[in-house]
Ligand code: PGA
């Protein structure tokens with residue numbers, strides 16, 4: 001049984017004060033079991049999140065990190081330091097990082113290894129552009145991104161990791177992939193993992209859908225066989241909306 005995940009991705013939003021206000025608003029209201037609630041936040045907000053998560057059923061994610069533990073890399077965030085702080089996950093390969101910060105598949109693979117080595121888990125993002133979808137190249141592109149991201153990762157490590165399928169045309173646009181479209185690609189990703197590893201590993205990896213997930217569509221998406229959760233941008237920033245998503249089973 002794969003435990004469902006609702007993971008917020010705040011992107012470059014909220015300062016530490018706003019983070020405190022958000023956390024006060026959700027205190028005592030997250031599901032105690034049955035769902036893993038995660039918030040991915042900017043580095044400056046992570047201290048508040050990790051303190052909060054000591055007493056509350058919330059897991060924490062950084063939105064990026066570097067692949068070296070320490071050194072002369074001005075402006076980067078160390079995966080070892082994130083792990084020392086108590087972070088659980090790091091989001092890697094988000095399309096915004098690929099597009100605006102020229103992150104390559106090779107960087108993402110190195111980051112995945114660095115995160116796992118530091119006892120955290122990667123949330124590996126993938127997804128196609130509208131042009132790729134319309135020209136029938138989406139499956140090849142997305143499975144290629146996954147194959148490159150997981151190179152050299154053991155089956156045990158991959159089984160614990162998380163993949164997020166986020167079609168670029170559905171991110172922040174209000175245009176959600178239909179639940180069937182999302183299920184179809186998430187299934188293709190699982191099959192790809194089965195072919196690279198084995199059926200058991202593929203069965204354990206949690207694969208999320210992301211792209212305009214909101215309280216109004218989360219149930220339908222979650223009803224699909226292969227979809228194990230959502231990576232949520234816009235709708236994760238308001239406490240009521242995040243709580244509605246995290247409590248989707250109620
Ligand atoms: P969105 O963002 O929910 O605002 O579409 C999703 C994401 O980029 O992870």
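Glycine is treated like the rest: Cβ placed from N, Cα and C.
Remember, predicted model here, so these are calculated numbers, not experimental data.
Look at TrEMBL and you will find 9, 10, 11, 172, 212, 233, 234 tagged as substrate binding site. In the three-state DSSP scheme, residue 172 (substrate binding site) is classed as coil.
The active site, electrophile feature in TrEMBL is assigned to 94. Taken residue by residue with DSSP, residue 94 (active site, electrophile) is part of neither helix nor strand, so it is coil.
Marked as active site, proton acceptor by TrEMBL: 166. In this structure, residue 166 (active site, proton acceptor) belongs to neither helix nor strand by DSSP; it is coil. Cβ neighbour count for residue 166 (active site, proton acceptor): 28 (other Cβ atoms within 10 Å of its Cβ, all protein chains included).
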Around the Cβ of residue 172 (substrate binding site), other Cβ atoms found within 10 Å total 12
When a 10 Å sphere is centred on the Cβ of residue 10 (substrate binding site), how many other Cβ atoms does it contain? 23
For the binding-site residues 9, 212, the largest set of other C-beta atoms within 10 Å encircles the C-beta of 9
Binding-site residues clustered about residue 166 (active site, proton acceptor) [Cα within 10 Å; pool: 9, 233, 234]: none
